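> What follows is a structure written as structure tokens; I'll ask about it next.
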Amino acid sequence: MTIYNFSAGPAVLPHEVLQQAREELLDWHGSGMSVMEMSHRGKEFMGIAAAAESDLRGLLAIPTNYKVLFLQGGAHLQFAMIPLNLLRGKSSADYVNTGEWSKKAIAEAKKFSNVNIVASGADKNFINVPAFDTWQCDPNAAYLHYTSNETIGGVEFNWVPETGGIPLVADMSSNIISRQIDVSKYGLIYAGAQKNIGPAGLCIVIVREDLIGHVSPSTPTMLDYKIHADNESMYNTPPTYGIYMAGLVFQWLKRNGGLAQMEQTNISKANLLYQAIDASNGFYNCPVVKSDRSRMNVPFTLKDASLDGEFLKQADTHGLLQLKGHRSVGGMRASIYNAMPLEGVQTLVDFITHFAKQHG
Ligand SMILES: *Cc1c(COP(=O)(O)O)cnc(C)c1O
């Protein structure tokens, strides 16, 4: 039986990539060493890291005035590093609140800065992205932060906020490299790797050069983007194996038509699943408004929540794993990142349709 893993993160990786990693595990390209055993300053690993960076630059068409940093500490550390680095003497930053991850970013920023909530989805229980014409932006904000895809609530931006010169900062942990974006519209993009890039332990930051180098002298060295940029992410030992795996994922994307093709596949996958949910006559429900539904994380509930346990048990026996919703929202959640094949989503759709017939 084929197993399909719908975990929100750490999440499914392309099968081909895992096979390649297995083949190269003990002896990388005749070096006689595993990538895990290599010095991060040796020519082999320096080559691996440079290729990973260059492939990511190619995939996202990252302009030359942006640095790509391979960091640790996850997206959570970025919640603090962003205000520490980007306030640049200003006293306030703008944040959009679209759900659980926005809230965490906001709570951390408040330790360092005044935070102006420009818009919040809270009054509608986070089922949509607040309309841009309702946003109350501060013209003096140091930057504007938003979460481009709320992994828990399943709300995704299908548009980019226009900030009129204020640096735009996006937490793209769960939708980076799932679609084409215009990097030049952003001041900073960050993403923990374990959703759509590779194994946990790596966090990627893409930052415009003029925004770095402004920290106060008391900032810890490791929290200064400039240190990492000046040292090509090798100020200390970087997460070498995670960078290697991310590089293999970038090569896999390149071989398969890049982000243009990936985006089309992701649209097809998401449409297939949302259509099945919407066609169930209320047996299943996705609370998110249609225009703001995530292509990556699809939350849905069963009308009769007493069937949740049976649903999950049967899904498991069909090889459909990790469908339980986040503890804060309940119900189900299917994460269908880049590495989830269309057949996986089709198998899930067949299963949920059959289950609804049986129990409807
Ligand atoms: C998973 C996730 C995070 C947290 O990532 P860590 O790497 O665990 O810190 C933050 N933001 C979003 C949108 C996420 O999906």
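Backbone N, Cα and C define each Cβ position, glycine as well.
What TrEMBL records for this protein is below:
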BINDING   ARG41  L-glutamate binding site
BINDING   TRP101, THR151, ASP171, GLN194, ASN236, THR237  pyridoxal 5'-phosphate binding site
DOMAIN    3-348  domain 'Aminotransferase class V'
MOD_RES   LYS195  N6-(pyridoxal phosphate)lysine
> Which secondary structure state does DSSP assign to ARG41 (L-glutamate binding site), in the simple three-class scheme?
coil
> Looking at the binding-site residues THR151, GLN194, THR237, which sits with the largest number of other Cβ atoms within 10 Å of its Cβ?
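Max Cβ neighbours within 10 Å, all protein chains included: THR151.
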> For the residue listed as 'N6-(pyridoxal phosphate)lysine', which of the binding-site residues ARG41, TRP101, THR151, ASN236, THR237 has the nearest Cα in space?
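In terms of Cα distance, the residue listed as 'N6-(pyridoxal phosphate)lysine' lies closest to THR151.
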> Select, from ARG41, ASP171, ASN236, THR237, each of the binding-site residues with a Cβ positioned under 6 A from at least one atom of ligand 1; if none does, say none.
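Close enough to ligand 1 are ASP171.
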> Counting all other Cβ atoms within 10 Å across every protein chain shown, which of the binding-site residues ARG41, TRP101, ASP171, ASN236 scores highest?
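Of ARG41, TRP101, ASP171, ASN236, the one with the most crowded Cβ is ASP171.
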> Among TRP101, THR151, ASP171, GLN194, ASN236, THR237, which the record lists as binding pyridoxal 5'-phosphate, how far apart in Å are the two most distant Cα atoms?
30
> Considering Cα atoms only, can you say which of THR151, ASP171, THR237 is the nearest neighbour of the residue listed as 'L-glutamate binding site' among these binding-site residues?
THR237
> Over the span of the domain 'Aminotransferase class V' (3-348), how high is the average pLDDT in this prediction?
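Summing pLDDT over the domain 'Aminotransferase class V' (3-348) and dividing by its length gives 97.
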> For LYS195 (N6-(pyridoxal phosphate)lysine), just count the other CB atoms lying within 10 A of its CB, please.
29
> Going by DSSP, is ASP171 (pyridoxal 5'-phosphate binding site) part of a helix, a strand, or coil?
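Where ASP171 (pyridoxal 5'-phosphate binding site) sits, the three-state DSSP reduction gives strand.
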